[in-house]
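Undergrad: Taken from TrEMBL, the feature domain 'UvrD-like helicase ATP-binding' covers 5-285. What TrEMBL lists as ATP binding site is Ala26, Gly27, Ala28, Gly29, Ser30, Gly31, Lys32, Thr33. Look at TrEMBL and you will find 286-558 tagged as domain 'UvrD-like helicase C-terminal'. Marked as region 'Disordered' by TrEMBL: 662-681.
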Amino acid sequence: MSIYDSLNPMQKEAVCCTEGPLLILAGAGSGKTRVLTHRAAYLIEERHVAPWNIMAITFTNKAAGEMRERVDQLVGLGSESIWVSTFHSSCVRILRRYIEALGYGKNFSIYDSDDQRTLMKQVFRLLNIDTKQFKERQVLGVISSAKDKLVGPEEFLLNAGPDFRLKKVGEIYQEYQRQLKKNNALDFDDLIVKTVELFRTNPQILDSYQERFRYIMVDEYQDTNLAQFELVRLLAAKYRNLCVVGDDDQSIYKFRGADIGNILNFEESFPGAKVIKLEQNYRSTQNILDAANEVIRHNTGRKEKRLWTANEAGPKVSFYQFDTAKEEADFVLQEIQKEGFSLKDQAVLYRTNAQSRLFEERCIFYNIPYRLVGGVNFYQRREIKDILAYLKIIANGEDDLATLRVINVPRRGIGAASMSKATVFASANNLSLYEALEEAKMIPGMGRTAGKIEGFVSQIEELRAMTASGKVSVRELIQAVLEKTGYEEELKQEGEEEAETRLENISELINKAAAYEADSPSPSLDEFLEQVALVADVDSLNESEERITLMTLHSAKGLEFPKVYLVGMEEELFPSAMSIYSADPNDVEEERRLCYVGITRAEKELVMTAARKRMVNGESRWHRVSRFIDELPEETVEMHVPDLFAPSFGKKSEEAALPWNQTPQPAAAPKSSGRAGGFGGSKPSFGKTFTVEKKDHLDYAAGDRVRHIKFGQGTVAEIKDGGKDFEVTVDFDTAGRKRMFASFAKLEKI
């Protein structure tokens with residue numbers, strides 16, 4: 001039996017179409033990784049292509065590792081010669097070999113976001129930038145966007161025209177790049193930009209890689225930016241055997257520079273291209289797919305496709321609306337604890353990071369273990385950054401940021417004033433900061449601090465000698481850094497719980513180094529630092545742990561769970577207020593694609609929820625149901641609505657406050673109204689989420705003293721008859737003036 005017999009007809013066609021440009025439109029859960037790996041195997045086994053002539057580019061290290069593993073299983077001997085890596089890793093490998101053609105040293109450092117901010121602070125000081133007008137993060141964002149579009153400092157300044165702010169940003173951009181080069185460093189965007197520059201300015205180098213990579217495959221093509229597009233275009237220009245795989249309906253990274261036009265305009269960019277659609281889904285039930293298909297159908301900027309499956313129809317998609325965000329969270333977590341799905345098989349997905357707080361708090365309240373994806377990254381923790389900075393100095397003495405970070409860590413009595421003198425000396429003599437420190441006694445005004453600096457330099461040189469000897473592993477080098485610098489001892493002397501946690505984190509870094517050495521055929525310090533710099537947040541997700549997963553929709557891309565809760569389905573939350581009020585209609589389309597991604601994460605069951613009231617900037621605001629709920633297909637969704645008039649205030653305890661502990665039950669057992677989406681409506685409309693029954697008269701009048709459950713006591717200032725409800729304005733003693741509807745305010749006359 002052939003390995004290709006397991007493929008469906010469209011997958012097989014995609015595998016066998018090897019010559020010329022090819023766009024594989026791979027819907028969610030359609031087996032695109034399977035197609036890519038089988039295609040690599042087919043090229044080697046059937047087309048007799050040399051493995052080293054194949055390049056496969058992915059977006060995450062995890063995806064690259066999975067692809068490599070699957071190709072190994074299919075092809076066996078020789079598969080290790082296939083170039084399988086991320087965009088950034090590929091560029092690092094190329095630049096390590098040829099970057100000297102651009103005036104950099106081969107041992108350049110890779111600056112992460114923290115390093116960039118530190119460098120930008122230096123640039124601001126050098127140029128005397130007014131930090132009230134310009135913020136480091138914002139300027140870095142503008143520079144990153146420019147690099148995504150391959151716009152350098154000179155072109156940026158030219159485009160700025162008479163605009164003062166843009167001209168100033170252009171000047172900062174110029175100095176930022178000068179400082180990067182002085183430090184022999186590149187930021188993440190530079191890895192791709194400099195590779196493109198290398199190819200454009202060195203035709204012979206480009207030709208050598210075109211000859212090597214005669215067959216190129218790119219995964220997640222909808223997430224590419226202009227710089228990545230140009231890199232791929234240059235590499236594929238000679239042989240044109242380019243296969244890109246992606247789904248325009250899952251293009252959700254515009255904020256990172258992704259250009260959906262790359263996939264929508266593929267046929268124009270690569271004339272003669274063939275398009276193959278993978279529409280059979282292997283992940284979800286048909287009801288879930290029908291919901292996804294119907295929502296995404298409302299987008300206009302897309303390529304037509306419709307997911308289907310041979311799986312069973314499955315239960316209908318459920319939608320619940322609750323009075324408050326807390327009731328929403330309580331309901332979800334109570335459902336999670338019911339039998340049917342293990343904790344690790346369930347995920348709560350939300351639009352914004354801020355929404356996680358309530359779910360985290362309620363998980364703690366119910367004693368439900370959880371995994372928060374997208375929190376503080378391991379490699380951004382202080383102690384990890386410190387140790388990595390030592391390793392960077394050992395590898396690259398021109399890295400001024402690394403030197404500044406640890407010159408006084410642990411404490412050596414070397415202050416900011418001394419380092420300022422060293423920086424001036426380095427600049428005046430065209431030296432790196434570390435080279436200046438080697439000449440500490442020559443620095444004017446350094447005094448006794450010179451001796452302390454010499455101690456630091458002596459430690460680094462001893463560690464460098466150990467590395468150069470080739471007798472110590474990366475793991476042993478980290479242990480030597482901890483011991484010889486006194487870093488570990490200082491933490492132990494602190495004796496605090498935080499210090500203990502930091503030591504545990506360092507221990508985990510050592511574990512990482514050991515794992516790296518076990519996997520690498522020729523481990524080195526430079527390669528280890530590259531690997532660490534390229535690790536993605538979601539790569540660390542441990543699927544074996546028995547806990548629920550909390551994550552944003554952006555973090556959920558590429559993952560799947562048997563049961564998914566898609567929460568916060570409200571206007572101005574999802575879709576976001578920014579997208580709704582944007583002048584660009586494509587912004588709401590991107591939100592809809594994000595919804596599509598969320599829906600298609602579910603394998604067996606999907607529950608969608610919303611709250612009518614949610615705290616925003618410390619105040620409770622009314623939220624309408626998301627338009628995406630309005631777009632769900634009638635026949636595959638079951639709507640549940642709460643009892644509007646059930647009491648929800650003034651309960652004596654946390655347990656009593658839960659809706660399912662009340663009679664009647666307002667939230668845990670909402671009324672099922674089939675397709676009814678409002679209170680008495682036949683279809684949910686985001687413009688008419690609920691109606692209320694107006695009282696004939698109120699128990700209080702203007703001038704009366706009243707009490708509100710949240711805002712306390714106050715005086716009624718005004719009452720207006722708004723037709724459907726009374727509009728009451730109250731001057732609260734501590735909360736100030738508030739205007740609210742009487743039916744919801746539940747004011748009590750004092």
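Along the chain as shown, residues are numbered 1 onward.
Each residue, glycine too, has its Cβ placed from N, Cα and C.
Any TrEMBL annotation is an automated prediction that lacks curation.
Since the structure is predicted, the reported quantities are computational estimates derived from the model, not experimental observations.
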Undergrad: May I have the list of same-chain residues other than Ala26, Gly27, Ala28, Gly29, Ser30, Gly31, Lys32, Thr33 whose Cβ is within 8 Å of the Cβ centroid of the recorded ATP site, in sequence order?
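TA: Output for this site, in sequence order: Val35, Asp247, Leu278, Asn281, Tyr282.
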Undergrad: List the residues of the same chain that sit at least 6 positions away from Lys32 (ATP binding site) in sequence and have their Cβ under 8 Å from its Cβ, in sequence order, or write 'none'.
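TA: Within the chain, Lys32 (ATP binding site) has Cβ neighbours under 8 Å at Ile24, Ala26, Asp219, Val245, Leu278.
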Undergrad: For the domain 'UvrD-like helicase C-terminal' (286-558), provide the mean pLDDT of the predicted model.
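TA: When the pLDDT values over the domain 'UvrD-like helicase C-terminal' (286-558) are averaged, the result is 87.
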Undergrad: Where does Gly29 (ATP binding site) sit in the DSSP three-state scheme?
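TA: Assignment for Gly29 (ATP binding site) reads coil.
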Undergrad: Radius 10 Å, atoms counted are CB only; among the binding-site residues Ser30, Thr33, which position scores highest?
TA: Ser30
Undergrad: Residues with Cβ closer than 8 Å to the Cβ of Gly31 (ATP binding site), same chain and 6+ apart in sequence?
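TA: Residues satisfying the criterion: Asn8, Gln11, Leu278, Gln280, Tyr282.
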Undergrad: I'd like to know which of the binding-site residues Ala26, Ala28 has the most other Cβ atoms within 10 Å of its Cβ.
TA: Ala26
Undergrad: Count, for each of the binding-site residues Gly27, Gly29, the other C-beta atoms lying within 10 angstroms of its own C-beta, and report the residue with the smallest count.
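TA: Selected from the binding-site residues Gly27, Gly29 on minimum Cβ neighbours within 10 Å: Gly29.
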